[in-house]
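Student: Structure in structure tokens, see below.
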């Protein structure tokens, strides 16, 4: 029923759908590792997507677009940082507010750009070895004929891993999320470190948005993130706050997303003479219906989330101990 | 010059602050939104004149405000009640979809007189909404899985399910549009004779009163508030978090289901695939503004109804995107949580004071 071309297409769609989640997921992970939950990913992504898009339309330079999106995401996360770190506000409420604000602002100001397209990041092969790697069947074109942002996302996974576990500043960041009091006593500036983590998170969410509007879709439409920001938040729990597992989760989600796009090419229905065909075929039709299939990524995220939490119940969930806890010095 | 910021935790909130905060918040949000309006070359004063004065002084505006207010009140309660136990029902929008689907199905498939059919539709919608949130509620109660993320993921699933039934099993026979048939007259909420207001408002006010009684005058309400204030102490006092969490979220889900069917039965008269009013998300600022009592939820919902109705007038009259309403909502939350800080701390700024005789490190260094 499905040949190599089908699987190559599926692999390509999977990789394409995953980059947004890797970028936003890594950003959220860094923020949460420092103890700050940011539910504004969706809003920061939208702001990144729109500012990057407009900049590219106006200047014709998609690099500038990406840069502006990163700055915009970072600037927006600064509001969250100020409210949660300086004013000790409720992190959940502040994050939800950012998502509402981002959705509103981008719909409001993006109205006149709605449906416009832009020529953004082109797909490229890597220099020197790229042409060789593309020859790998099925996975070659998917992985090695991509946009710069796709490569950057893949590269960021080891970079973030190295940063968190093998640099002083990374370890300080983790310590702030685990035990801010002790970190403070050891001379780590808790406030500065948390601000840094939240801003990096916002910048990466902005980059994820720019990837969406400049590389993945190359158009602007309101609410085009379609809940991916929330998936990124769930992904961090799935990944148990470890960067390498963000990659795994993002690909899993991307695969479900891709399967939906290719569902029409699949036909599992039984022949007329097959036993139980009358009962099973309507079930298969329902399960393979594209609208029903678009629920699978959310259901899969939920399922994985539940399994992760329940299985970890007796062991360590690895959630940063001080997550969602505000820290103020004058507690004595 | 030396600027020193001194923070002191307040022991009690002054009266003027408790009552002034919501008013101040709304005014501040409107002032900042004026900047967004000005950026689109719209005169903010003219815009707010359309938004508020015209909405509240015309008969059409008032009727629309009440009509839109009904689902907003229910959606507000759907977030308000769980919030009393410190739970965030972010997925009211999804519960609203499922309630709308279930209620519409009953309205289209059961033939009964209006006085039996309407209550049955509300019952079905409420039950469906409650069941839809039951899994996230159970996951939160039993395993501590974050209800914000699960209720939200369920919203995306609910939206797709609604699209599926409206394009498939429930699509009106022979219709080219993804929509159901129109509800029979017995399934539509009538208007109140004489004043022309939608009768849904009466049902909504009754449920606001019931919620008020539940939270403020029953033992269960006391337990909900206690768990919300300090869950560890409440468990030590023998209260069951499990039971309370399931209860508040499922009743919240039922309210969201009411929001869905009241909108379909009272305003739309049929379910369309593109039905996505966003009431479940507006419910968040409504519950935050009204978190001190069910009747304040009612007032906050009516306030948002005014800006919704005014927002769509702006769209028609001045071609301003109706998303201005989203911006105002977000800004209201922003100023509310900022004000929360000033409620908790007394902040005094002092300039050029000599600090040499005070030990260092006992005051926050420059942080506000």
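Don't overthink the numbers, they just go from 1 along the chain as shown.
Every residue gets a Cβ built from N, Cα and C, even glycine.
Sharing the record's features from TrEMBL:
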- A:6-24: transmembrane segment (TRANSMEM)
- A:36-56: transmembrane segment (TRANSMEM)
- A:62-85: transmembrane segment (TRANSMEM)
- A:92-110: transmembrane segment (TRANSMEM)
- A:151-174: transmembrane segment (TRANSMEM)
- A:195-213: transmembrane segment (TRANSMEM)
- A:219-239: transmembrane segment (TRANSMEM)
- A:246-266: transmembrane segment (TRANSMEM)
- A:286-310: transmembrane segment (TRANSMEM)
Student: List, by number or range, the same-chain residues at least 6 past the transmembrane segment (A:151-174) whose CB is under 8 A from its CB atoms?
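Tutor: Result: 18-19, 22-23, 26, 29-30, 33-34, 126, 183, 188, 193, 196-197, 204, 207, 211, 243-244, 246-247, 320.
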Student: Going along the chain, which residues at least six beyond the ends of the transmembrane segment (A:246-266) come within the CB cut-off of under 8 Å?
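Tutor: Residues packing against the transmembrane segment (A:246-266) from afar: 1-2, 6, 9-10, 13-19, 21-22, 25-26, 29, 154, 157, 231, 235-236, 238-239, 288-290, 293-294, 296-297, 300-301, 304.
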Student: Looking at the stretches A:6-24, A:92-110, A:195-213, which one shares the most CB pairs under 8 Å with the transmembrane segment (A:36-56)?
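Tutor: Comparing A:6-24, A:92-110, A:195-213 against the transmembrane segment (A:36-56), the winner is A:92-110.
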Student: Going along the chain, which residues at least six beyond the ends of the transmembrane segment (A:6-24) come within the CB cut-off of under 8 Å?
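Tutor: Result: 41, 45, 137-139, 141-143, 146, 149-150, 152-154, 156-157, 204-205, 207-208, 211-212, 215-216, 225, 228-229, 231-232, 235, 246-247, 249-251, 253-255, 257-259, 261-262, 265.
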Student: With CB pairs under 8 Å as the measure, which of the listed stretches A:92-110, A:195-213, A:286-310 comes out on top against the transmembrane segment (A:62-85)?
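Tutor: Ranking A:92-110, A:195-213, A:286-310 by Cβ pairs under 8 Å to the transmembrane segment (A:62-85) puts A:195-213 first.
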